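Undergrad: The structure's right below; bear with me while I get my questions together.
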Amino acid sequence: MRTINRFLRLIVLLLFLAILWSGYVLHLIAETEKTAHPRQADVGIVLGAAVWGDQPSPSLKERLDLAAELYRQGYVPYLIVSGGLGDGKQIDEATVMQRYLVQQGIPAEYILLENQARSTYQNLAYSKEIMEQHQLSTALLISHDYHLARAMDMAASLQIAAYPVGVHSQVMLEWLNKCQEIVSFSKWKLSHFLPISR
């Protein structure tokens, strides 16, 4: 009986800690959203998302439309589109993103491709290399608002001078995205201590 009671107490404690941690992550997401507004930077980094065939998914279009608007308004002179080849895909995310932006009137010569990344961390790590190659010092991180806290934390770990700019999705479920982001943020933090892929 004592063993069962100890086990139950452990379960309750773990649930309590999980709730506390989830609340903390949601707080970080909310606080990052408050600071996410356009400002001048050397480049905008558009973090990749799903593509449907050779077209951006509706959620990726939201990020790209924001990036195009930031470029048109003169906040950034260049855009990096970042995303590699997904499983079972015939075309990488970056190429799809570039084509869409060109269709929106953004000159191709001002769109820099990063087509190796398979994760947010890789988006940023490979984009940093492109920034260094082109002597670009500051970046706007362009993504959905729920994604920005983790992206900014990763950018800080890579010593990228970055500022968040987010779009609030009209095509995805907010509660589901935030639940998934709690898991992704937790995995990112654990990767500092455990052999977990970033």
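Glycine too: its Cβ is placed from the backbone N, Cα and C atoms.
In case it helps, TrEMBL gives these features for our protein:
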- 42-176: domain 'DUF218' (DOMAIN)
- 7-30: transmembrane segment (TRANSMEM)
Undergrad: At a C-beta cut-off of under 8 Å, are there same-chain residues at least 6 beyond the transmembrane segment (7-30) that contact it? List them, or none.
TA: 145-146, 148-149, 178, 181-182, 185-186
Undergrad: By DSSP, what is the split of the domain 'DUF218' (42-176) into helix, strand and coil residues?
TA: 59 helix, 31 strand, 45 coil
